[in-house]
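Enquirer: Dropping the structure in here first, questions after.
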Amino acid sequence: MASTALRPCGDFRTTYKTDQYLFQTKMIGWTAAAALLVLILAPVLASSYVVNLLILVGISGISALGLNVLVGMTGQISLGHAAFYGFGAFSSAYLANNYGVPVLIAIPVAGVMTAIVGMIFGLPAARIKGLYLAIATLASQFILVDFFARATWFTNGYGVDASKPEFFGIPLDTDEKYFYVVLAWAVISMIAVANLKRSRDGRALVAVRDHYLSAEIMGINLTKYRILAFGISSFFAGVAGALYAHYIEFVSVETFSISLSINFLAMIIIGGLGSVPGAFLGAMFIELLPQLVQLISGFLITIAPTVFGLIENGKAYIEQITVGTVIILFLIFEPEGIAHRVGQTRKSIKLYPFSY
Amino acid sequence: MNWFLLTQLLANGLIVGMLYGVVAMCFVLIYKSTQVVNFAQGEFLVLGAWVCLAMVVKAGLPFYIAFPFTLVFMTIFGILIQTVILRPLIGEPIISIIMVTIALSIIMQSILNWTFGNSSASFPQIFPVENVSLFGLQVETAYIMSLVLSVFVMALFYAFFQYSKYGLAMRATAYDQQAAQSLGVSVGQVFAMSWAISAVVSGIAGIIIGIVSGVSSSLAVIGIKVFPAVIVGGLDSIVGAIVGGVIIGLLENLAEFVDGQYLQWGNLYTIAPFYVLIIILVIKPYGLFGTRDIERI
């Protein structure tokens, strides 16, 4: 194994087929398999607190992955991702509550519904791009959230209850059981997006990002792919939203504010734009950061109550400030995100003691 | 049809619209000269208003001293933000620039809420008379001051860009950065200056709104309202920003009128500008006055 895993400088891929392997080296493949194994065993081994965190990371990761298709791969900035996430949550709850659709089926159906809504709101992308598009998605965020607050038939105007799913008669009512639903969706989405990246459509999306005029000249239908990117991204947002709804068991209109959209953007920037594992790494970072802040500020208060007592009532603010600072620091010092850093570290360990 | 209410609302819309115009102008100024979209514009308003209020209430300074001090503070603040946070990101893709200003707005929002609290506070009375009668309409003095100050700021902007050396340098940089640089314009200085001016003018707008309707973190909403205004006018046109601001101000109040009198949907005025934004973007992607991008390969 060592001889194939060690790949010093130079790119030894000689055929298109090797260039398109899902796992570029055996090492990456084994790491992925090991990670999956650990995650499958996680509910047995870890405490329910860790499982709860893992579920949240998984859900946010799926949503961030969708956003990464739109922002990282296609280069279209969306400030309205949380609204689509919310739409998925409400539609899944609506289907399950009003039509008795089994939850496990309602989740992907909600994803498809969200994809359609996403494509409708992506229509301006046919004509505009960059900054103007970012502002258009900002508008769609406000319009959709306003719709949630108005459409009482859909959301009660404030929020709806959502039930836990059943799997062939087995209720998936505990965190440990629900974890597998999230894990399955996370794995499916990761494989789907990784496969998209190495397919014709995925390359077309990247071409649209890199230079849309050249892409158009090469015969790529810009309008189709721009709107398709919105569709794909909204699908994952919808699925993640639905998973969230059935996990929390109550969907509130207020959850899906612009700050959630910003959190999703922060995840992909910190994780790495356009990277599949990056979306999950970023989600982990953003979901764990508040826990870390809680831990540190709690620790500071216990060791020096007089000095840090002030922090006690400002914990929520400190959390926000940390998130903002981390985003700025990443943008200035590590614009390619954690995924890039992980790759660099991997290479330098492998090639130690030589630099390449 | 309630004509009196309609005129009252339209007058209101004009005054608010002028303020939107002023804030939109700051926004466009930054975008035009540094290609940065400032999502923290609303927080600049809040910062200016709180700092001035703190000087008046906590330090007990009279308003006419606190006001210029606030402006000095905002100048330094604007230059600092530009040099520390935005300078390293020159030439980065749009997504980084957008995110950095969003992050800035998150940080500012939490720091401001933490130090000044979530509740709203109002300035002590500044004008001796509360209301003035104007063409049969009762208008608050603060509104008149807001209108006068808005027009004054706009005139100042015009004079600055038209007649001063620095204004010329800024216009040159906005038109062609490299050419300006080769002719001896310090682009770094222009960038810092545009942030400083933008921060100062936002501070003024924040103080005005603070006087009219009280200071609270909700002032930051104006930073979001600015987007429809600049899109309607075109992202890189200062005239467009003013026109767009007035249009959005009027539109909001018209929406409130239609909503209140006929539709009874509630809160239509907060969302109407965003529908207009989408429609404008689809019909006229570069706004009313914006320059069309021409791209060559």
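From the backbone N, Cα and C atoms, a Cβ is placed for every residue, glycine too.
Feature table excerpt (TrEMBL):
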TRANSMEM  A:27-45  transmembrane segment
TRANSMEM  A:51-71  transmembrane segment
TRANSMEM  A:78-97  transmembrane segment
TRANSMEM  A:103-123  transmembrane segment
TRANSMEM  A:130-149  transmembrane segment
TRANSMEM  A:178-196  transmembrane segment
TRANSMEM  A:227-248  transmembrane segment
TRANSMEM  A:260-285  transmembrane segment
TRANSMEM  A:292-311  transmembrane segment
TRANSMEM  A:317-333  transmembrane segment
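Are these features on the surface or tucked inside, and what touches them?
Expert: For the transmembrane segment (A:27-45), the list of distant contacts is 5, 51, 54, 175-177, 179-180, 183, 187, 346: same-chain residues at least six beyond its ends, Cβ to Cβ under 8 Å.
For the transmembrane segment (A:103-123), the list of distant contacts is 80, 84, 87-89, 91-92, 95-96, 137, 140, 144, 162-167, 181, 185, 226-239, 241-243, 246: same-chain residues at least six beyond its ends, Cβ to Cβ under 8 Å.
Only residues 6 or more beyond the boundaries of the transmembrane segment (A:130-149), in the same chain, are considered here, and those with a CB under 8 A from a CB of the stretch are 76-80, 82-84, 86-87, 90, 117, 121, 124, 155, 157-158, 253, 256-258, 261.
Through the fold, the transmembrane segment (A:178-196) approaches residues 22, 36, 39-40, 42-43, 51, 54-55, 58-59, 61-62, 65-66, 68-69, 104, 107, 164-165, 172, 202, 205, 232, 236, 239-240, 243, 246-247, 276-277, 280 of its own chain, all at least 6 residues removed from its boundaries and within a Cβ separation under 8 Å.
Within the chain, the transmembrane segment (A:227-248) has long-range Cβ neighbours (under 8 A, six or more residues past its boundaries) at 55, 58-60, 62-63, 65-67, 69-70, 73-74, 76, 78, 81, 84-93, 96, 103, 106-108, 110-119, 121-123, 125-126, 162-165, 178, 181-182, 185, 189, 193, 196, 201, 205, 208.
Sequence-distant contacts of the transmembrane segment (A:317-333) (same chain, at least 6 residues past either end, Cβ-Cβ under 8 Å): 263, 266, 269-270, 285-286, 289-290, 293-294, 297, 311.
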Enquirer: Short question: which residues 6 or more past the ends of the transmembrane segment (A:78-97) have a Cβ under 8 Å from it?
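Expert: Residues packing against the transmembrane segment (A:78-97) from afar: 63, 66-67, 70-71, 103, 106-107, 109-111, 113-114, 117-118, 121, 134-135, 137-141, 143-145, 148, 154-155, 160-163, 230, 233-234, 237-242, 244-246, 251, 253, 255-265.
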